[in-house]
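*Asks:* The structure under discussion is supplied below as structure tokens; questions concerning it will follow.
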Amino acid sequence: RRINNDCQNFIGNRAMYEKVDWICKDCANIFRKDGLLNNCRSNCFYNTEFLWCIDATENTRNKEQLEQWAAILGAGWN
């Protein structure tokens, strides 16, 4: 299991991290594009690939919650 070092608040928020990371994993499995998984995870999910993957995995109804969780995990960049 890979730990995203960009996420300052991973410890204590593992369940939250796994939910956000699942978006990137699912997106990478759907599109099989080289580098997509790492790009989606970069900057603790604060990037355009993550937002694109939310839409691509049909999770737009949860977009606000997913962005909030990413902000909590990466506290300091938002």
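Cβ atoms here come from the backbone N, Cα and C positions, even for glycine.
Relevant sequence annotations retrieved from Swiss-Prot are reproduced here:
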- CYS7-CYS44: disulfide bond (DISULFID)
- CYS24-CYS40: disulfide bond (DISULFID)
- CYS27-CYS53: disulfide bond (DISULFID)
*Asks:* Just checking: which of CYS7, CYS27, CYS53 have a Cα that is within 10 Å of the Cα of CYS40 (disulfide bond), counting only these disulfide-bonded residues?
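*Replies:* Neighbours among disulfide-bonded residues, in sequence order: CYS27, CYS53.
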*Asks:* Do me a favour and check the Cα-Cα span between CYS24 (disulfide bond) and CYS7 (disulfide bond); whole Å is fine.
*Replies:* 14
*Asks:* Do you know offhand how many angstrom separate CYS53 (disulfide bond) and CYS7 (disulfide bond) by C-alpha?
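*Replies:* Computed Cα spacing between CYS53 (disulfide bond) and CYS7 (disulfide bond) is 18 Å.
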*Asks:* List the Cα distance (Å, whole number) between CYS44 (disulfide bond) and CYS27 (disulfide bond).
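*Replies:* It is 16 Å, counting Cα to Cα.
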*Asks:* CYS7 (disulfide bond) has how many other Cβ neighbours within 10 Å of its own Cβ?
*Replies:* 24
